[in-house]
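Undergrad: Take this structure, written in structure tokens, and hold onto it; I'll ask about it next.
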């Protein structure tokens, strides 16, 4: 194996030039807010009728019902019902409060950790660029000594650069995969809470009547879709704003990123008619989740958070003003 220097140890990666070698449960404790039933007789408790499928023949429905009656969804049901009974708030406010609690306690710390990882990766780019140039020099020297072809040089360069970069990631404990942890936590949480609200909004739910009168303003009944489309449209607007917010943070827009942006924009628009067909409780949760998530992202861009997390990348002293200026200039063209 071609080696360029030692393994990365501690705080430095040292290259030795010309030394190239070729080779090969229930909500929060014991409190039981409501009586649960087990209609299946299999020890599987639920706030609504347990089912594994519609008529037992529809494969798609069976898979969906299985997910809707899974343990994480039932846990979210207990969380929502327990929050409402503990606080005594109306259901619409309970949904907002539960959403804020879940996103603040679970996803906000992970988002902050993601910021730290991204900052380390950005700082490493300069070191990787420098090591890449030095590696290219060593490869060229070794090629003259051994008579490597251009194809062999490219192969050795890619192989050793990959090894060096991997060692840098280990040294800084910032593997790029860690930037995706937030998605793998947030998406299951979003699905579980959505299905929990769907279950609670069904006729068989023991809290159906409470949800039917637990709305506010133009959506007094949380068990039926929002006929005014106000919640779905607001959801689509805030999601599009979030997409543009993230787009403004990318200095270089590659073709792949541009395609991803178009896909997310299209999905944000598609969510409008979807939100208009689900119970208002779900649409309210989606809207509240987007608003709270957007607020958390703005919070993570503050100078106070930047100093607290000890991020190594330089940040503007006026991050919010800069974002607003970039947003205005982009759409005033």
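A Cβ is built for glycine as well, from the same backbone N, Cα and C atoms used for every other residue.
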Undergrad: When TrEMBL marks a stretch as transmembrane segment, which of 209-228, 229-248 is it?
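TA: Result: 229-248 is the stretch TrEMBL calls transmembrane segment.
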Undergrad: Could you check which of 284-300, 301-317 is flagged in TrEMBL as transmembrane segment?
TA: 284-300
